[in-house]
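Peer 1: Got a structure for you, written out below as structure tokens; questions coming shortly.
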Amino acid sequence: MDYYRKYTAAILAILCVCLHDLQSFPDREYTMQGCPECKLKENKLFSMLGDPIYQCAGCCFSQAYPTPARSKKTMLVPKNITSEASCCVAKAFTKVTVKGNVRVENHTECHCSTCYYHKS
């Protein structure tokens, strides 16, 4: 019985070391947890029609925390959880016409800014 405990403890220790090593290399996509950083990514659908079209994609900051009692009193509809977030949006873009008459935005620079779709 003691032999199995030592064996299990050794396996768990090796597993923890391996997981720590994998998380130490954030530049590799297969080891990344969650979402990649905010940056330009080619839109394959619109790029098939000619010149490459880029869009901003990735993650920025977000957090949720309990709403303070003082703030809850001033809310029209009190909520227990308050959240803050910033989204990956285009800092600069150019309007491009593809396939004759379809106008799209070709993003040229990205940054983390206010999430407009969260506003009501």
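FYI, residue positions are counted from 1 along the chain as it appears here.
Glycine is no exception: its Cβ is also placed from the backbone N, Cα and C atoms.
A quick note: this is a predicted structure, and the numbers were derived from the prediction, not measured.
As annotated in Swiss-Prot:
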DISULFID  CYS35-CYS59  disulfide bond
DISULFID  CYS38-CYS88  disulfide bond
DISULFID  CYS56-CYS110  disulfide bond
DISULFID  CYS60-CYS112  disulfide bond
DISULFID  CYS87-CYS115  disulfide bond
CARBOHYD  ASN80  N-linked glycosylation site
CARBOHYD  ASN106  N-linked glycosylation site
SIGNAL    1-24  signal peptide
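How about a rundown of where these features are and what they're close to?
Peer 2: Taking a C-beta cut-off of under 8 angstroms and a sequence separation of 6 or more, CYS35 (disulfide bond) has the following same-chain neighbours: GLY58, CYS59.
In three-state terms derived from DSSP, CYS88 (disulfide bond) belongs to an extended strand segment.
Taken residue by residue with DSSP, CYS110 (disulfide bond) is part of a strand. On its own chain, CYS110 (disulfide bond) has CYS38, LYS39, LEU40, CYS56, GLY58, CYS88, VAL89, ALA90, LYS91 as residues at least 6 apart in sequence with a Cβ closer than 8 Å to its own Cβ.
Around CYS60 (disulfide bond), taking its Cβ as the centre, 17 other Cβ atoms fall within 10 Å, counting all chains.
Around CYS87 (disulfide bond), a 10 Å sphere centred on its CB holds 19 further CB atoms from the protein chains shown.
DSSP assigns ASN80 (N-linked glycosylation site) to coil in the three-state reduction, placing it in neither a helix nor a strand. Within the same chain, residues at least 6 positions away in sequence whose Cβ sits under 8 Å from that of ASN80 (N-linked glycosylation site) are PRO66, THR67, LYS72.
Long-range Cβ contacts of ASN106 (N-linked glycosylation site) within its own chain (separation 6+, distance under 8 Å): ILE53, TYR54, PHE93, THR94, LYS95, VAL96.
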Peer 1: Measure from the CA atom of CYS115 (disulfide bond) to the CA atom of CYS60 (disulfide bond) and give the result in Å, rounded to a whole number.
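Peer 2: It is 10 Å, counting Cα to Cα.
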Peer 1: How would DSSP class CYS56 (disulfide bond) in three states?
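Peer 2: Once the DSSP labels are grouped into three classes, CYS56 (disulfide bond) ends up as strand.
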